[in-house]
Amino acid sequence: MKLFHSPGACSLGIRVLMEEIGAPFETVNVDLKSGEHRQPAYMKLNPKAKVPALLRPDGRLLTEFPVIALWLARQFPEKNLLPDGPEGDIDALELLDYVVSTLHMRGATLAMRPDRFCQDPKGQEEVRKSGREVLTVGFERLEEQLGEKEWFFGHMTIVDMAVFYLVHWQPRYDLPLTPRLKAFHERMMERPAVKRALA
Ligand SMILES: N[C@@H](CCC(=O)N[C@@H](CS)C(=O)NCC(=O)O)C(=O)O
C-alpha cells in the first residue's frame, strides 16, 4: 500500500489510521504548498488533485477519506475499526461523512481559507464567519455524540481518525474546542501511532 499525503492536510487521519493498523505501507509526500498536487505527475495518478489517496496492492487508487478509511477497516477486520452491531459500517459512514463533507469542507475550509472563495477582505470575513458557524454547530453535535466515552463508538474506529484531523486544525480556525473534544484531542496526541504520524 502506498499513501499519498501531505503534512498538515486531512490525510493525517489516514496516516494515523495506517499507523494504528500497523501493516507495512509506503508514504509519498505531495507538497500542497508548492502545488505539487496540480502537477501532471500527480494529476495523472489522481485527476482530483487531492490528498489523501491510497494505492492498493492490486493497483487501484482509492480517493475520498471515508472510502479509504472504510476499505482499510474492512481489510483488517481483526483491528475492530468499525462500530459494533449489524449496521456498524453505516453508523461509521454517517458520522464520517458529516465530519468530512460538512465540518471539514463547509466549516474548516471556509474558516481557514476564505481567500479561496473571495478576494475582497470584507467578503472574506463573511466567508470565515460562515465556516466558523458550521464548526460551532458541529462541535456541539460531536460533543453530544462523544458524551462521556473515550471514543465516538465506545472503542476506537475510523471515525475517530477524521475527528482527530479536524480538531488538530484548531489553531488554524481559531475557535475554542468544546471540553470533550479538547480532551479527545489530548488523548489522541498521547497515542504512539499519532506521534509517529506527526514525526
Ligand atoms: N473529499 C476529499 C477531500 C480531500 C481534500 O480536500 N484534501 C485537501 C487537503 S486537506 C486537498 O488535497 N487540497 C488540495 C486542493 O484543494 O487544492 C476527501 O474526503 O478525501
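Glycine is treated like the rest: Cβ placed from N, Cα and C.
Features as listed in TrEMBL:
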- 1-80: domain 'GST N-terminal' (DOMAIN)
- 85-199: domain 'GST C-terminal' (DOMAIN)
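The domain 'GST N-terminal' (1-80): residue composition by secondary structure is 34 helix, 14 strand, 32 coil, according to DSSP. Residues in the domain 'GST C-terminal' (85-199) partition by DSSP class (helix H, G, I; strand E, B; coil) as 87 helix, 2 strand, 26 coil.
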